[in-house]
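Undergrad: This is the feature table in Swiss-Prot:
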type	residues	note
DOMAIN	8-282	domain 'tr-type G'
BINDING	17-24, 81-85, 135-138	GTP binding site
Amino acid sequence: MARQFPLEKTRNIGIMAHIDAGKTTTTERILFYTGRVHKIGEVHEGTATMDWMAQEQERGITITSAATSCRWRDCQINIIDTPGHVDFTVEVERSLRVLDGAVAVFCSVGGVEPQSETVWRQADKYGVPRIAYINKMDRVGADFHRGIQMIRERLGANPVAIQLPIGVEDGFCGVVDLVRNRAIIYTDDLGTTSEETEIPPELAGEAAAFRERLIEAVAEFDESLMEKYLENGELTEEEIKEGLRRATLAVKIVPVLCGSSFKNKGVQPLLDAIVDYLPAPTDIPAIRGVNPVSGAGEVREARDDEPFSALAFKIMTDPYVGKLTFFRVYSGRLKSGSYVYNSTRNRRERVGRILRMHANHREDIEEVCAGDIVAAVGLKTTTTGDTLCDEKEPVILESMEFPEPVIQVAIEPKTKADQEKMGVALQKLAEEDPTFRVSTDPETGQTLISGMGELHLEIIVDRMMREFKVEANVGRPQVAYKETVRKKARAEGKFIRQTGGRGQYGHVVLEVEPREPGSGYLFTSKIIGGVIPKEYIPAVDAGAKEAMENGVLAGFPVIDVGVTLLDGSYHEVDSSEMAFKIAGSIGFKDAARRADPVLLEPVMKVEVVVNEEYMGDVIGDLNSRRGRIEEMEARNGMQVIHAYVPLAEMFGYATDLRSRTQGRGNYTMQFSHYAQVPDNIAEGIIARRVGR
């Protein structure tokens, strides 16, 4: 099948922002103006195309990343609308990994909010070029210039206005296009008709000053343009566009636009900017990976004639077609019905059907090419972060890292009939979401589910009921504590059994040591001279990993440790993988007990917005919750307190804050890091856990 759009006419973009900045509303308008939908859906009415889950329509928030495609000015734009709520950060992380560019939406009143910072840092991590869109210019308190200042100060970016608003709040009626030096005035409510005029006289001075800044910013990153500018004092429209595109692709500049998506103003110029300034798959560096056989580095150019390579970035269960695997094609082609090699798991799989998604509607396609973002049916073992490639030319692309869950609840089925269904439902939901974990409490045998926050787990339980018809009782939220060690220690692990016939023999000497926070688990073998045959070494690793699931202090999972296998011995007849696995587990537990084990708890980054008169009371309360105040700032006549507070102290905080501030305070929090629990508190937690 011939390619419908040349690769340079393709844009893979994400729309990202803080909750309620207007991402989904902006996407709805994009779909309307590109002719993808013929009636505008509204988030507050529960009819938004991209928010297709029942929970999204009820709550007016985006939970999953919905994918869709549309066309504008001969370009195919693949859009992923991502959630803004902090509990669903994983959705943003995996979307940014496979996108080429992004539109960051900001609220003109709130400016840069906490989750805006989080998604911006995630985009920085993957080097994603982006443009900023300051939305809600029609709201009371809208301030375009403060928005730009906050992008500069709080995100450390280099924002450059390429538009100015005409009017503000109720009077917002259009934008000044600084590149073309013209004004665009919207003349109807739907925003489909607009007229282009001279810049209004009252804005002429400001527009000239901002246009000069724009030209200087563009010329700064391009010597030939700088020379031309110094000679003529001016650049043509085409030169400004080319310079802006180059600087945006190099992540040196963030072009800033404005509008009001809800009032249908400013969306078509945003579409133009997506086409003009965001990258095509051919503009980004070739993807790098590793050959799983030789370990050598591999490069895949974004071309159809290269060997096939793709990254699976999301799994979804569809009630009609079963398991859907979303993937981004980096190079080559793949036909529907053909076989593909999962190099991460060393498995060959058959692609039953390939679908192009429009939110939750699907369109079958016969073949995908480089640069496409599509979903496949029929991949049974593939999970998030796996590489799919050509079996003759294998490659493993860099995967994604996901944060550890911070909160857990016990869950039990209401009836015997729900028991079996619950296991299947939880397994499917865990496949879809890498930050959602299912485990069993070793003491009580209860099923525990862990996630990124109360809303995250609430949605999971809700989905179990709606999609899998499982009724469950849910316990009170608990903190997902972890354990780690503070010093090096070594120990022996011996497992010897002599019962008539063949016995069991495994003997290892292990050293356990602390690693940097967030660096995870690392196993190293220093066995030389075959004192332990190499086929038994992975079993020692597996035994240590298994022992880490229940730590030595209070049975919490152990994180950030290194295990080194130093020595051991084996028996010609009696040794087996099982014996070495058990020996590894015994050795790890013994070494961990000697390595000064400590309890860790999740610490949240909290931002509280209150009136000045309540400041003292709120700060005193945060201190009593073991909080550490970082800084305070004034914003829009309110006081903003930034603090780090342990999650254990934040349950019920919303109600508490409301009563302290007479309902006028609000807060946001997101996971920051794990930190050691103070000894006096750790003793109580361990006693409750062990003594029940």
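Backbone N, Cα and C atoms are what each Cβ position is placed from, and that goes for glycine too.
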Undergrad: Under a three-state reading of DSSP, tell me whether Ala17 (GTP binding site) is helix, strand or coil.
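TA: Once the DSSP labels are grouped into three classes, Ala17 (GTP binding site) ends up as strand.
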Undergrad: Around the C-beta of Asp20 (GTP binding site), how many further C-beta atoms are within 10 angstroms, looking at every protein chain?
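TA: A count of 18.
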Undergrad: What count of other C-beta atoms do you get within 10 angstroms of the C-beta of Ala17 (GTP binding site), across all chains shown?
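TA: For Ala17 (GTP binding site), the count of other Cβ atoms within 10 Å is 29.
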Undergrad: On the 0 to 100 pLDDT scale, where does the domain 'tr-type G' (8-282) sit on average?
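TA: Mean model confidence (pLDDT) across the domain 'tr-type G' (8-282) is 81.
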Undergrad: What is the Cβ neighbour count of Met137 (GTP binding site) at a 10 Å cut-off, with all protein chains included?
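TA: A count of 28.
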